[in-house]
């Protein structure tokens with residue numbers, strides 16, 4: 001474990017005292033419009049993640065309508081949830097080229113289109129394309145910008161802001177379940193999906209609220225972060241600097257491209273001013289050339305940033321701790337999903353249905369999960385607490401609960417373990433914060449896209465794997481044990497890599513001294 005935030009190279013503390021020249025903070029950082037960004041992200045989590053957690057209502061309707069197997073029908077919701085996360089790296093390209101606002105608005109339209117087209121489904125395979133793929137990609141195009149924008153607008157209270165915004169998942173699970181049940185009862189599932197598609201258009205409004213910060217504001221925030229890092233002895237400084245050097249290496253080509261394009265734009269403006277006697281058609285052509293030049297510059301810069309983040313000499317994958325973070329994400333999400341799938345069967349096995357009907361164990365997880373996100377966010381933002389340590393402690397608690405849950409045979413014991421699972425799984429709100437601390441704000445969209453892609457793979461294949469284990473062993477216990485052990489492997493990777501990185505600078509300095 002690590003004793004302080006500085007041990008892993010995070011930049012916390014009083015940023016106003018950093019650097020020789022005081023940086024005038026933007027009033028919208030940690031305040032002002034930043035809270036509108038949190039509100040927008042909160043609504044996105046309600047409409048996207050909440051709706052996906054309520055798909056069980058529609059799944060029963062699809063089973064009755066199409067008379068297909070449960071396994072085949074379940075792939076509709078699994079595809080939607082998995083694709084939402086798996087497309088993260090590609091959505092990072094859209095964000096780099098178009099920005100968070102435009103990406104989210106396009107995603108809102110695509111998500112609503114997926115819901116509406118699904119209302120006319122004639123088979124389960126039709127739903128694979130319209131709901132699983134179309135609505136799933138649209139959801140991913142809104143979800144990633146919602147997380148990234150909160151990270152851009154907050155510096156000192158990032159964990160709390162992410163915690164508040166992601167509580168929309170828990171609220172959405174309750175609200176959307178009740179709404180879909182009502183709509184299916186009153187209007188039928190087809191009309192319910194049509195109405196839900198109309199409601200999903202509000203995602204475009206959420207995207208419109210994602211007002212981008214100016215490059216000056218982002219650079220000032222980066223200066224504060226980098227200056228803070230320079231003034232502290234950090235174990236992972238080598239890792240972080242490797243990633244941030246990617247941006248430095250790319251500055252010169254970007255500046256050359258900007259200079260060339262600015263020369264073209266200035267010449268176009270020159271011609272526009274001096275060409276009043278020219279024809280209107282020529283002026284229109286010049287304006288089109290100016291627009292195309294600006295668009296080309298934006299696309300080239302965005303693609304260059306995205307490409308260098310993944311395939312450049314100083315890509316994200318040169319950060320060993322970040323690679324360990326990806327391996328952890330591959331195993332983590334399924335361990336959270338599996339209890340939701342198998343808990344009803346465990347309750348039935350131990351004859352606890354009567355108590356579970358009064359207060360379902362899955363509801364305990366969902367309710368405590370909301371409070372866990374906020375409380376862990378508040379704790380992580382305390383000046384004397386390390387976000388990394390809070391993140392690791394929550395992971396250790398969750399994996400312990402996953403391994404011990406099958407041993408509980410009473411309702412009270414199961415309820416206590418489920419409450420701990422709900423609270424400790426609140427670390428999901430810390431994932432964007434930890435990612436930003438590892439790679440910086442500039443690479444947050446691309447880096448977090450990889451992390452949620454790994455989570456998507458885990459969510460897509462984890463539950464079927466657990467079902468396969470049950471088919472072989474005829475016991476639910478082994479699903480929890482194997483998921484817990486794989487989860488522990490991911491946590492061990494998180495522990496080992498920082499220790500290796502911590503030794504590297506010392507070894508290097510010794511070699512230099514000998515030379």
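Any Cβ shown, glycine's included, is placed from N, Cα and C.
Just so it is clear, the model here is predicted, and its values are computed rather than measured.
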(message) Tell me which of 33-55, 171-193 corresponds to the transmembrane segment entry in TrEMBL.
(response) 33-55
(request) For the transmembrane segment (411-434), could you work out the same-chain residues 6 or more beyond its ends whose Cβ comes under 8 Å from its Cβ atoms? (result) 147-148, 150-151, 158-159, 162-163, 165-166, 325, 336, 339, 343, 346-347, 352, 355-356, 359, 361-362, 364-369, 371-377, 380, 387-388, 390-391, 394-395, 397-398, 401-402, 404-405, 444, 448, 451
(request) Please give the sequence-distant neighbours of the transmembrane segment (102-120): residues at least 6 beyond its ends with Cβ less than 8 Å from one of its Cβ atoms. (result) 44, 48, 91, 94-95, 126-127, 130-131, 133-142, 144-146, 190-191, 193-194, 196-198, 200-208, 210
(message) Before we move on, state whether the transmembrane segment (126-148) and the transmembrane segment (321-341) share at least 3 Cβ pairs under 8 Å, counting only pairs 6 or more apart in sequence.
(response) no
(request) Could you tell me what the rest of the chain brings near the transmembrane segment (361-379), counting residues at least six beyond its ends with Cβ under 8 Å? (result) 159-164, 166-167, 169-171, 173-174, 339-340, 343-344, 347, 385, 390, 394, 414-415, 418-419, 421-430
(request) Could you tell me what the rest of the chain brings near the transmembrane segment (321-341), counting residues at least six beyond its ends with Cβ under 8 Å? (result) 8, 236, 239, 243, 362, 365, 395, 398-399, 402, 405, 418, 421, 425, 434-435, 438-439, 447, 450-452, 454-459, 461-463, 465-467, 479-480, 483-484, 486-487, 489-491, 493-494, 496-498, 501
